[in-house]
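> The following feature annotations were taken from TrEMBL:
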| type | residues | note |
| --- | --- | --- |
| TRANSMEM | B:29-50 | transmembrane segment |
| TRANSMEM | B:78-96 | transmembrane segment |
| TRANSMEM | B:108-131 | transmembrane segment |
| DOMAIN | B:123-394 | domain 'NADH:quinone oxidoreductase/Mrp antiporter transmembrane' |
| TRANSMEM | B:151-176 | transmembrane segment |
| TRANSMEM | B:197-221 | transmembrane segment |
| TRANSMEM | B:233-255 | transmembrane segment |
| TRANSMEM | B:267-285 | transmembrane segment |
| TRANSMEM | B:305-326 | transmembrane segment |
| TRANSMEM | B:333-356 | transmembrane segment |
| TRANSMEM | B:376-399 | transmembrane segment |
| TRANSMEM | B:420-439 | transmembrane segment |
Amino acid sequence: MVSPGESDETPDSMVRVVARRLPGPSLMVAAALIAKGYAEVGDGFAAGVIVALAIALVYVALGGEAAEAALPLLRHAPKLAVGGLLLALASGFFPLALGEPPVSHRPAPGEHVVKIGVLELFTPLLFDIGVFLLVVGVLTILLHHLARPRGEARR
Amino acid sequence: MLMSVALLVPWVAGVLLVAFDGRRHVVAWLAVASLTATLVLVSVLAADVLGGGTQQLVTGGWPAGVGIVLRADALGVAFAWLSVLVLLAGAAHEAVRRVRSRTFPGLVVLLAAGLTGLFITADVFTFYVFFELAMTASYALSAYGGKRRQLRAALVFTAVNLLGSFIFLLSVAGAYRVTGTLAMDQIADRMVAVNPNASLLIAAGFFIAFSVKLGLFPFHFWLPTVYAGSRPAVAAILSGAVANIGAYGLLRFGAGVFPGQLEKTGVALAVLGAVSIVYGGVLAIGRGDTAEMLAYSAIGQVGYVLVALGVGGPVGLTAAVLYSVVNSLNKALLFLASGTRGLFIASAFAIGALSVAGVPPTAGFVGKLELFRTGVVAGSVALVVLLVVGSVLSLVYMFQVYQRAFWREGPVAAGAASPVAQRLLVAVLAVLVLAAGLWPEPLLALSARAVEALLVEGPG
Amino acid sequence: MILAFALVAAVLFGSGAYLLLKRDLIRMVAGIMLISQCAVVTLLASSLTRGQAAIAVRPGDQVSDPLPQALALTALVIGLATVAMLLALVHRAIVVFRTAEQDEIAATESEHEAKLEQERQADREEVEGSPEDEEEPETARDAGRSR
């Protein structure tokens, strides 16, 4: 519940600078987590939580309105969440159209997979990206609600 | 195939609808349309299952045990059909008037996805996942209306049911620990060899988790605040659809996974059910507010399900299934009728009230008759007396409220009538309750088939 | 190992239950979070084994059971979603009721209810009121108060 007007509640400039710069690198870390998630520790959910933490710091440091002014993308969090969930659902249920049971994946086990480094391009990757978008979107919506000044909190 | 589509349709529709402003009429009616589509799909699935036997599907084409097993049997599709029907009624009821929040239509459809999923899964953990999908949607729904009453109702509902969910999760962990599997039929098979104390503890955990959902006597404390506080359509959805999780869970886990434990504790369950019936009935008498009376009545009504479950055996279980179905229809009808005004509504409410009391020719009579049969088969005089006392109590409290709400001449009774479509909806539900009472064979056959699936074909 | 897990789970559940009994809503949320973590720890403890990942196992390798790990992950995700939901609700409640104490919320609500009931009574005696009209003034007042 930090609002930009209240100077005694505003964190110092160091935090603000770090908060402003952090979302970029956090996206890199998230991408790395998703990419190596199929061989080592990491998945879409963990990646999403890391980006959401960076976004949380932005909200804490700048306050709700300023954060959304600085990163206009944050206003589209609901679309992100819905898009992510749809992507995840699509990657889970698309085999129905091919007459296979849900959560089958393409290329099927044993078939040739295109690789970029350790990253294998197959449909579960889309699922992970969907989960990542969903987690980032939902947590940002939550942050948006918690960061609103008191008076606006009612719909 | 059909199973996956029945799951996919409400899920995708729900996600899409949450994104749009539900206060627009189009969105609300789209929600009603997708619920109708789901109902049709579940009906076709039910017809397939009842005609051709249990259907099974393993995700990902993996062998069962690696992939998630979805299995639709008679018990599951019966509850899925019933729940989607109640959700459809609730959503249509709000759509006719004016939806008051952005997310309501989407959430109801998502709730349908969660409920359908949990009724057709054969795996304890997948059950938990769908259960939480349904519960999260209903937590958000219980705040619908956004006023103080609803907000407090939502807080109580969410906090208590979250605890119930975690107790369920602890029991899942326990079941996996002692049996090394999560498939319901394998758990049931291996539970026989497990240390009886451990299995009883795990069974008790599941029992508590489902009793909290259902609002059975020692776990009922949250129920009056929530049912009386939320809006009529939401109360109808919570008591007619979400509470089905509890009834289904008790049947599936009690009779399907833990039959030995159920037999051992049968008397205790029947006593708890009896206490629930008397407690709910006595407290419902003299409530001024219709919704509050219905809430206490709900505590009493689920007691019958537990009593029938406690008696057990094919007869008792059939009665339990039948009574859960009837009770869910009754509650949906009564809560929706309590939120509607105008011609026919008094008669619709009276039909619901008679059904709760178990007076012919309503569906409630069939339910009570089955319970009587259970009592006679069990040779228990106490049970028969309990049924009579319970019915008298419900007759008293129902007509007290009926008198107060509908027999009074003057401004309140004559207040602005609700839209015709809304009244028609309540009338349709009332006709359904009457029809089930006049022609009970399909319902009886369905309950018998459901119990057969539960006992003979094994749990799942 | 099992004993350590059991102790951790017990401490988590105990502290969670203790916090739940407090009258403060935020503590209640914290309590529920601790209990959710207790459930996750129990899931892990239910079948924790050391060994290789269960993909492409060579004969003779010790394999770790992948199931509790998958379960714990899923339970964490679901726990996050539900607790976030609860937190949002609590936030709304604090904004609307202007307090985080359960007793005070109950008190303000019953006060509010009594006032509403009086108004309803007046409605019944004088004018014809549709159910819609009964509810509108409340919304307006709530909005006014929270600003």
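Start at 1 and count along the chain as shown; that gives each residue its number.
Backbone N, Cα and C define each Cβ position, glycine as well.
Just so you know, TrEMBL annotations never went through curation; they're auto-generated.
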> Mind pulling out the one from B:78-96, B:108-131, B:197-221, B:267-285, B:420-439 with the most Cβ pairs under 8 angstroms to the transmembrane segment (B:376-399)?
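Comparing B:78-96, B:108-131, B:197-221, B:267-285, B:420-439: B:267-285 has the most Cβ pairs near the transmembrane segment (B:376-399).
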> Looking only at the recorded stretches B:197-221, B:233-255, B:267-285, B:333-356, B:420-439, which one has the largest tally of CB-CB distances under 8 Å to the transmembrane segment (B:305-326)?
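The stretch I would name here is B:267-285.
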> For the transmembrane segment (B:333-356), give me same-chain residues lying six or more residues beyond its boundaries with a C-beta closer than 8 angstroms to one of its C-beta atoms, as numbers and ranges.
89-90, 93, 227, 231-233, 235-236, 239-240, 290-291, 294, 297, 301, 326, 362-365, 394-395, 398-399, 401-402, 405-406, 415-418, 422-423, 425-427, 429-430, 432-434, 437
> Sequence-remote contacts (6 or more beyond its ends) of the transmembrane segment (B:267-285), Cβ cut-off under 8 Å?
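Contacts with the transmembrane segment (B:267-285): 216-218, 220, 293, 296-311, 382-383, 386, 389-390, 393-394, 396-397, 400.
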> Counting a contact as 3 or more Cβ pairs under 8 Å, with residues at least 6 apart in sequence, do the transmembrane segment (B:29-50) and the transmembrane segment (B:108-131) touch?
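Contact criterion met.
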